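According to Swiss-Prot, the NADP(+) binding site annotation covers Gly13, Gly14, Thr15, Gly16, Tyr17, Ile18, Gly19, Arg38, Lys47, Arg139, on the basis of similarity to another entry. What Swiss-Prot lists as active site, proton acceptor is Lys135.
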Amino acid sequence: MVASEKSKILIIGGTGYIGKYLVETSAKSGHPTFVLIRESTLKNPQKSKLIDTFKSYGVTLLFGDISNQESLLKAIKQVDVVISTVGGQQFADQVNIINAIKEAGNIKRFLPSEFGFDVDHAHAIEPAASLFALKVKIRRMIEAEGIPYTYVICNWFADFFLPNLGHLDAKTPPRDKVVIFGDGNPKAIYVKEEDIATYTIEAVDDPRTLNKTLHMRPPANILSFNEVVSLWEEKIGKTLEKIYLSEEDILEIVKEGPLPLRTNLAICHSVFVNGDSANFEVQPPTGVEATELYPKVKYTTVDEFYNKFV
């Protein structure tokens, strides 16, 4: 596709964790790329630096807010595709995006803020269950309104989970002992953030992903917790002491711990105890798999990912 034929993409939540990767990939792929930002974001030193980077890619900044219907509608009328990457506190506010898309009438595809695990297959405990339920509610609303969509299921963000194996306070993989959630046997899936962005932007104009759930399941990256630890042990030539956190232990911490830890552990319970990331088949016609659709994309394997930490 030449640039003039590529869809115009609006990213809402573009300065967030996964949003910034999508903005960069969209712009560098030749899509006219727009980012909705609050004017107050410019006053944040870290975010303003990121916004300068966006400008260097040729991104158009549109000032507005997900809670301001007028600014939302104005932004949406300028594009073909809307991608939302808003965080959990704003999942419910995506109703405003749905209403604006409905009113504008010009959107060819909406990608709501998914970018995690398939909430239609997950069996999460609180506080993750409420977050997943909000995503489910948004899905059903999109479908009921007849808005063209793609749901992006990328599973674990590799850069978020693999460097610390779920221990949020660590910056590098362990070299002495490791805590493993559950028995470590259920398979999970890990995808590098840059690859998530590449597959997502590939999908926006692809008729094969229209009204479908796009699952990212790179074959080399479907690994159990035990397999990830073994791979790391091979890299460093050392056997780690393994502490297995039982389901009972996890449930106890989820009850008593601080909220960010509770949410993270509840998601870990869903993935590593229930196996919700990979315990189901991608079912056509509603489900499609990214590495099968885009075999030319060279994804980063978990094995390659760990090389930089050795």
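Placed from the backbone N, Cα and C atoms, the Cβ positions cover glycine too.
Swiss-Prot feature annotations superimposed on the structure.
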residue: Gly13; record: NADP(+) binding site; contacts (Cβ under 8 Å, 6+ apart): Gly19, Ser84, Thr85, Val86, Gly87, Gln90, Ser113
residue: Thr15; record: NADP(+) binding site; contacts (Cβ under 8 Å, 6+ apart): Val35, Ile37, Thr41, Lys47, Leu50, Ile51
residue: Tyr17; record: NADP(+) binding site; contacts (Cβ under 8 Å, 6+ apart): Thr85, Gly87, Phe157, Phe160
residue: Lys135; record: active site, proton acceptor; contacts (Cβ under 8 Å, 6+ apart): Phe91, Pro112, Ser113, Glu114, Val119
Counting Cβ atoms within 10 Å of each Cβ, the densest environment among the binding-site residues Gly19, Lys47 belongs to Gly19
